[in-house]
There are 2 protein chains.
Amino acid sequence: MASESLQAEVDRLRLQLETLQAKDGSALIFVGDYLLKRLEQLKVTKMFGVPGDFNLGFLDLVEDHATIDWVGNCNELNAAYGADGYARVKEHSLGVLLTTFGVGELSAINGIAGAFSEMVPVLHIAGVPSMAQQKSKPMLHHTLGDSRYDAYIKAAEQFTVAQGIITSKDSAAAEIDRVLTECITRARPVYLTLPTDIVYQKISSERLKIPLSRLPPPNDPDVQAFVLDEIVKLVDEADDDIVVLVDACAIRHDVREEVNELIKKTGLPVYSAPMAKSAVSESSERYGGIYVGSISHPEIKEKVEAAKLILSVGCLKSDFNTGNFTYSIPLSRTIEFHSDHTKVQFATFPGIGMKELLPQLTSRLQPAKKLFPVPPFTAVLPQENNDIISQAYFWPRVGQFFKPQDVIVAETGTSSFGVLDIPFPDKSVFLSQILWGSIGWTTGATLGAAFAAQDVGLGRTILFIGDGSLQLTVQELSSMIRHNLKPIIFVLNNDGYTIERYLHGKERKYNDIAPWKWTGLLGVLGDIDGSKSKSYTVSTKQELSALLDNAEFADAGKIQLVEVMMPQLDAPQALARQAELSGKTNAYVVV
Amino acid sequence: MASESLQAEVDRLRLQLETLQAKDGSALIFVGDYLLKRLEQLKVTKMFGVPGDFNLGFLDLVEDHATIDWVGNCNELNAAYGADGYARVKEHSLGVLLTTFGVGELSAINGIAGAFSEMVPVLHIAGVPSMAQQKSKPMLHHTLGDSRYDAYIKAAEQFTVAQGIITSKDSAAAEIDRVLTECITRARPVYLTLPTDIVYQKISSERLKIPLSRLPPPNDPDVQAFVLDEIVKLVDEADDDIVVLVDACAIRHDVREEVNELIKKTGLPVYSAPMAKSAVSESSERYGGIYVGSISHPEIKEKVEAAKLILSVGCLKSDFNTGNFTYSIPLSRTIEFHSDHTKVQFATFPGIGMKELLPQLTSRLQPAKKLFPVPPFTAVLPQENNDIISQAYFWPRVGQFFKPQDVIVAETGTSSFGVLDIPFPDKSVFLSQILWGSIGWTTGATLGAAFAAQDVGLGRTILFIGDGSLQLTVQELSSMIRHNLKPIIFVLNNDGYTIERYLHGKERKYNDIAPWKWTGLLGVLGDIDGSKSKSYTVSTKQELSALLDNAEFADAGKIQLVEVMMPQLDAPQALARQAELSGKTNAYVVV
C-alpha cells in the first residue's frame, strides 16, 4: 500500500512536470480521443447522456470507441442519476455524463449536486460552442440571449469540486488529467467543457503513458507514527470494550477491505450507519446492525453508546444518517478516521488519511481478549392476522428473497427506511441517497448500477421505489429495456407521497398523485411485443410470497416490475420515528 | 396609456415609501397568505410544482386558497415548463412554480433558465429551511453536506433577474413585492425563498391595497418628442415603402395591440420573425409571412430587404430567429422599438420604451398613400404521388385543421420549423422555444398553456412534438389527464432525433431512440379505464386526412394523442436550410 501510494505520487509529479515542460514527442491523438483513452484507462465502459448539437462530433468518437458504449438516456437528469449509480457500483472507476450546452447540462444539475453531496465520482462533460463563438458570443440557441456564455460554468462551480474549461488544445490534456484526478481522488463530481472545434484538434499522447491514480497523497510518516501511538494507547485503555462504527466514507473512500481486515484480526463488534449499509458483511457474527442515534433498535443503541471507545470510520453526520442528530457518543470516547484527516478525541490531525492509516493500525492491534457479545442482526417475519402487505411484513419477507451479490437500490422514503433493518446477504451492495434525498433518483441509478453490476460480476439488481417517486423519472425504464438489462423493480403502490404524509399533510390532496397502470408501463416503454419483460401485481401476503418463491421470477431472466399494493398510511417504524423528530424541527408554527 | 403609466409610477413610489416607513396599521396576515394574495391580484389561478418537505406548510395555504389551484406535477422540470407555458398564454399575469430546497429547485433550473432566455415572467418559490437552521447550518438532507446553504441561491442568480431571499417577516412583504414587480415589468423569471418558520408569521396587509403594476416607467416626454420627430421624418422620406417587422418582444412586452393599431391605421405591410408568429393576425391582407433572413421564402426576403424603411418591433436576433444571422437589413434603414429603449438608425435612446411610444407614433402617422402589395401568405398542399406523410404534406394539411383561437405549441426541431410557414387563423396563439430550444419543453408547456387557455377563453390546445423529445418529459401527459385537460397531441414518429440527424450524424446510432408504443401511453399514465382519452396512429395521407376531417376528433372532447408515422430522414425545408447554415458554423473540423 505504502509503495502504491508513493508510485501514485511519483506519477502525479511526473504529470505536473509534463504540464510545465509541454513535452510533445509521441504520436498525435484527437483531444476527444485523449479524453476517451483516459476514461478507458479508468475502466469506464458506459457513457450516460443525451445527444445535442454541441456534443455530436464528440459522440462520433464515442460511438466508434471499442470499449466505451453510449447509453443514450431519455433525459439528462436521468442520465446524471445513471452515471451516479454506475460509479457507486463500479468501484475504482467513475461515472461519465455527456450533455449539451445550457439546456442539457442544466437539466442534469440536480443529479450532479447529488453526486457532490453523496460523494460520488462523476465526470460531467458539456459539449459547448467553438472557441470562436465563445469569443464573439453570438445569440446562439441554448444561450441566455445576453452574451453570458459563462453562466453555466458559474452554476457548475457550485456543485463540482473542479472545473476544466478547455480553451485550447495546448492545455486540453493537462486540464482533462487535472479534473479526472480531482474526481477520482476526492470521490466528487467534476465538470469539463469540450468546445466543438477542439474535439478534433490533435495533441501529443505522451501523457497517456503515465496513469492517473485515485490514491491519496501519502501520510506524513512522523505524524502518522504519533497518531498510531495515541490510538493504540486508547485502545489498550478501553480493555476491548470497543465498537467499530462504519459510515458512508468507508465506501466512498474505498476502505471497506481495510475495515474488514481490522475486524477480522481484532474481532471487535462492528455496526454501520445507514449510509454504510453493506460496507461490511452483514452475515458476519461480529456485525450488529444499523446505528442511527435515538431511532436505533434499543439493543443496538445501548451497545454502541455504552462502549468505552468508538472507532468511527468515515462518518457523515447528516440528519437522516444519525436519527436527526441524536448520536449519544461523546468525542472523548471517539476516534474518527476520514479520507484526509484523523481525529483522536479532541485533536485533529490534518493530512492523515485512513486509507494508509487503517492497515497500519490493524498491524499494531492484537486480537481482542474478551469478545464482547454482539446480538445477532436478524429480521423476523411478524405474525399478522390479515392479508395486507404491511411495511412490517414486506421488508423481512423480501429480505428472505435476497441472494449474495445482489445490488439493492432503495428510493428515499418508505423504501430507504424500510430496508435498513433487513440483513443483506454477503457481498450484496446497497444504494440509497440518504443525504441528498432526491426522489426519483433510483430509476436512473438502477440503470447505471445494473450496467456496472455486469462489469464487476455482481448478480441481480433489485429496486424498491414508491409510486410517487417513480413518476419523476419513469421513462428511464425504457433504457433498461433497450439495453437488455434485467432488474427487478418493486413499485410500492401506496397512493402518493407517504414519506411526506408522515412529515406533514397526512390527509392533504397535494400528497396525492395520479393513479397509473403500473403493470402496463414496460409494454408501452419499449417491450412492444411483450417478450422482454414481465409485470405483476401482488395485493396479499400470499401473492407476494408465492411470487418471491417462484424460481423463474427469482432468476431474473428478463426485466420484471412488481406492483405491491400497500396501505396508504403505513410506514416502516424507522420512518415514523424519523418523521416525528424531523417534523418537530421543521414545524410550521403559527406565530 | 400615459395616465395609466403615471398611476403605475405613483403606486410604485407609494410602495417604496411603505417599505421605508414600515407602516403597520391594518389587519394582520400570514406571510404565506400575503404572497398568495399578491398572486391572486395578478390573476394567477394555478401553481405548478412538486411537494417537498420544506414547502408542505405553505402548500396547506395554497390548497386552502379559493382561487389558486395546486397542479402537482410529476417532476420539477416539467413543472417549470408548465409555469412557463401558462405565463405565455395568460398575458398580463405570470407563471408560478413551487419546489423544495436543493433537490427540487435544481431539477427545475433548466426550465427557469429557458424562461429567462425567452423572456417569460415566472416566479420560482423555493421552500427552504427555517432561519434557525439557515444560521446553524446542520447537515440536513437536501444539503451539499458542507454547510453551503447559499449554493442554490448562487445558481439561481445566474438565471433570474431578481432574488428575494426572505430572512425575516419584517422585510417579507417588501421582498415579495420587489421580485414580483421585477418579474412582471421585465417579463423574466425571479426567485423567492420561503423559510418554513416564516410562512406562518403575521405581517401587516397594508401594502396589499396598492396594486403591483407591470407597466414600465413613463418615457421622458422631451426625449420622446424628439424621437417621434426623427421617426416621422424618416417615415415621410420613405414614401410609404416601409415594412413593419414584428418580433419576440412585441409579445413578451405586450405591444401586440399597439402594433395592430399601427398597421390598421397606416396599412403598412407587416412580417414577423419566427418568435413572433401569431403576434399579428395572419389572416390580415397586410400580413406577409415569416421573415427569417436568407432562409425566408424568396418573395418575402425580397419584399422585406428592399423596403426603404423597416419598423422593427421587439427584435431578438438569435440564430434560429434570423436564419443564422443572415438579416440583410442595414441599420441605416431600420428603426428598432424595444421595451426600454429605441434605436433610430445609428442612435440609441435609452429609457424610451415602445409601450408608450408606439401609440404616439400611430397617432402621428397618416394612412399610407400607396399600399405596397403584400403577396398573400398561404400554404398550398403539395401533390405527391405516394401515401407517405411527408413533412411537405403534413404541415399544410394540419394548417387546414386549425381554427381561430387555437393554442398551437410546437416542439423545437421538425415541428417548430415545419409549422412556421403555415398561416394560423385569427386569434390563435403560437408557443415555441426558438431561442432556448430545450427539447421536451412543450409537454410541460402544453399543460400550462391548456390551463391558461381555459382562463382566457381560448380554444383547443394542439401540440406537435417528435418522438425523441416526448421521451424527455412524457410523464406530464399524466397531469393533463388528471386535471381533465383535453389537448390534441401529434407525436411525429420519425424514429429518433431528426433535427440532430440534419445537424450531424445522419446515420449515427446516438440519434436513435427506443421505440415506444405511443398509443398505449395515455392508458398507462392515468386513463386506466380508457374513458378519458383516445389515441390514434396514422400512417398515410388518407388516414391523416380522414382523422382531421372527423368532427368528433376536431371537437377535442377528450385528450387525444395521434401518432403520425413519418420518414426518418424527412425534414421541413426551413429546417434543412437552417441545419445547413448552422452545421457549417458548428462543423467538427479535423485539424
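Cβ coordinates are placed from backbone N, Cα and C, and glycine is handled just like the others.
As annotated by TrEMBL, domain 'Thiamine pyrophosphate enzyme N-terminal TPP-binding' applies to A:31-141.
Look at TrEMBL and you will find A:229-345 tagged as domain 'Thiamine pyrophosphate enzyme central'.
The feature domain 'Thiamine pyrophosphate enzyme TPP-binding' is assigned by TrEMBL to A:426-508. Residue counts for the domain 'Thiamine pyrophosphate enzyme TPP-binding' (A:426-508) under DSSP, helix first, then strand, then coil, are 36 helix, 15 strand, 32 coil.
Annotation source TrEMBL lists Mg(2+) binding site at A:Asp467, A:Asn494, A:Gly496. In sequence order, A:Thr414, A:Gly466, A:Asp467, A:Met566, A:Pro567, A:Gln568, A:Asp570 are the residues near A:Asn494 (Mg(2+) binding site), counting only same-chain partners six or more apart with C-beta under 8 A.
Around A:Gly496 (Mg(2+) binding site), the same-chain residues at least 6 positions away in sequence with a Cβ under 8 Å from its Cβ are A:Asp467, A:Gly468, A:Asn511, A:Asp512, A:Ile513, A:Gln568.
Same-chain residues that are not part of A:Asp467, A:Asn494, A:Gly496 yet have a Cβ within 8 Å of the Cβ center of the Mg(2+) site turn out to be A:Gly466, A:Gly468, A:Leu492, A:Asn493, A:Asp495, A:Tyr497, A:Thr498, A:Ile513, A:Met566, A:Gln568. Of all the Cβ atoms in the protein chains shown, 22 others lie within 10 Å of the Cβ of A:Asp467 (Mg(2+) binding site).
Here the domain 'Thiamine pyrophosphate enzyme N-terminal TPP-binding' (A:31-141) is broken down by DSSP into helix, strand and coil counts: 55 helix, 19 strand, 37 coil.
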